[in-house]
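Student: Sharing the record's features from TrEMBL:
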BINDING   C63, C66, H67  heme c 1 binding site
BINDING   C211, C214, H215  heme c 2 binding site
BINDING   C328, C331, H332  heme c 3 binding site
DOMAIN    49-153  domain 'Cytochrome c'
DOMAIN    196-302  domain 'Cytochrome c'
DOMAIN    315-405  domain 'Cytochrome c'
Amino acid sequence: MIRFLRILCLLVILGLVAAGLLMWKGWGAGDIPAATVDLASLDDSQRADLVTRGEAVARAGDCAACHADPGGGSDLAGGLPMVTPMGTIYGTNISPSADHGIGGWSADDLYRAVAWGVAPGGRNLYPAMPYVSYHAITREDSDALYAWLMAQPPVEKPNRANSMIPPFNFRFGISMWNALFRPDAEPFQPAAEEAPQDARGRYLVDVLGHCGECHTPRNAAYAMTDDHLAGNVIEGALAPDLRGAALAERGWTESDLDQFFHRGVAPQGVMTFRMFPVLAHSTSHLSDDDIAAMSGYLLAGQDAPGPKPRDLAGNPDESGHQLYLGLCAGCHGTDGRGQPHSSVPLDTNTTAMFADPINLIRIIGHGIEERNLAQGERMQTMPAFDDQLSDAEMGHLATYLRQRWGGQPEAVSAAAVSDARDTIRQAEAAH
């Protein structure tokens, strides 16, 4: 008995030491690169050039998508809720307010926060801040971003308290997560023999654009898995597979992706859900060269789409066909080709092609508000049919769309619709 207790005590001590080492490894930031510019030494012209570059970094990094005021105020005022398995996190004020924002931060402070997830004073940020992706930001881009942020008007808006579950309501819990899942901050470098455009696309997609934060599956600890860009259900919607083969299979070309990023609409669909703010705050402002680099990197040379999936199930669901004629054909046409600047085509739309029907169910049920996209493009309001369709009817309509235009032969059951509706309701309730 005494021997057993000694072994148990030893195991407990070893466990505490291991936990302490993990916390130590995950607490704080490591060494950081030296600043690339002395802001105080710049003349007005040099400072203006640096601020312009910083704005481009902020656009590519999509800062406003998380830090904008959801009430329609400043793009840097904070307050947007982000629902995670750890609880609800609210975007913070990153304007140069001394009391509520980052007005007291140095350029080194910003780099530590962006690349390491560590705020001044050693406080760990929650990984809703995508420092796991931003870890490879170059010091040049971080310094330019700092110059731009400090040139913006301060917003005197207090930050909203997060609502987290234990142990993540204590910041030391994040240190253990960091020890396991946070990469070391190593500034981005092109790979050997990587073409400049390919390297730029990889940097924009994987680092600044942090696309993997939504489009990569996550494990039970909410860390991204090794299935980079393989798709993930987040906040009641599917962020689809963005790997080159999957994009090509769904009919995407580099030209289509260029159009989608610039204007928010392409033959494959229109930006919805969390991607609509990304269009407004980020991709519609990027240069043609940067958009081309992103599209080329994502498709990875697989620009030729495979055969268009159509009617793979033989005769599409007849009950769904009748529902389509009554609810959808007036805007989308009996042939599914839609109307330019009004309703999207369905015969090339990728939403019906996904194995998971949750996006299709969400769009049919909740509709889409009128979209004023970019470059004068717009789409009219799509009405919501959630109150008009039972689970079985929704399943028939989704089945028809998937069989007719998506190449998905399996029927969507009433139970699958019920599960999807529950997932969507839970996500919306959290907001």
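From the backbone N, Cα and C atoms, a Cβ is placed for every residue, glycine too.
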Student: Show, in sequence order, which residues other than C328, C331, H332 on the same chain lie with their Cβ within 8 Å of the centre of the Cβ atoms of the heme c 3 site.
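Tutor: Other same-chain residues near the heme c 3 site: Y324, L327, A329, G330, G333, G336, G338, S343, L346.
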Student: Using an 8 Å cut-off from the Cβ centroid of C211, C214, H215, can you name the remaining same-chain residues around the heme c 2 site, in sequence order?
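Tutor: In sequence order, the nearby non-listed residues are H210, G212, E213, T216, L229, N232, A239, L242.
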Student: Can you name every residue in this chain, apart from C63, C66, H67, with its Cβ inside 8 Å of the center of the Cβ atoms of the recorded heme c 1 site?
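Tutor: Those within range, site residues removed, are D62, A64, A65, A68, D75, L76, G78, L80, G91, I94.
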Student: When you measure from the Cβ of H67 (heme c 1 binding site), which residues in the chain that are at least 6 apart have a Cβ under 8 Å away?
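Tutor: In sequence order, the residues whose Cβ lies under 8 Å from that of H67 (heme c 1 binding site) (at least 6 apart) are D75, L76, A77, G78, L80, G91, T92, N93, I94.
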Student: What does DSSP give as the helix, strand and coil breakdown of the domain 'Cytochrome c' (196-302)?
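Tutor: Residue counts for the domain 'Cytochrome c' (196-302) by secondary structure: 55 helix, 12 strand, 40 coil.
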Student: Going by DSSP, how much of the domain 'Cytochrome c' (315-405) is helix, how much is strand and how much is coil, in residues?
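Tutor: Within the domain 'Cytochrome c' (315-405) the tally stands at 42 helix, 8 strand, 41 coil.
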Student: For the domain 'Cytochrome c' (49-153), give the DSSP counts of helix residues, strand residues and coil residues.
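Tutor: Looking at the domain 'Cytochrome c' (49-153) with DSSP, the answer is 47 helix, 12 strand, 46 coil.
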Student: When the Cα-Cα distance from H332 (heme c 3 binding site) is computed for each of the binding-site residues C63, C66, H215, which gives the smallest value?
Tutor: H215
Student: Applying a 10 Å Cβ distance cut-off over all chains shown, what neighbour count does C66 (heme c 1 binding site) have?
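Tutor: By my count, 22.
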Student: List only the single closest residue to C63 (heme c 1 binding site), chosen from the binding-site residues C211, H215, C328, C331 by CA-CA distance.
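Tutor: Looking at Cα distances from C63 (heme c 1 binding site), the smallest one goes to C211.
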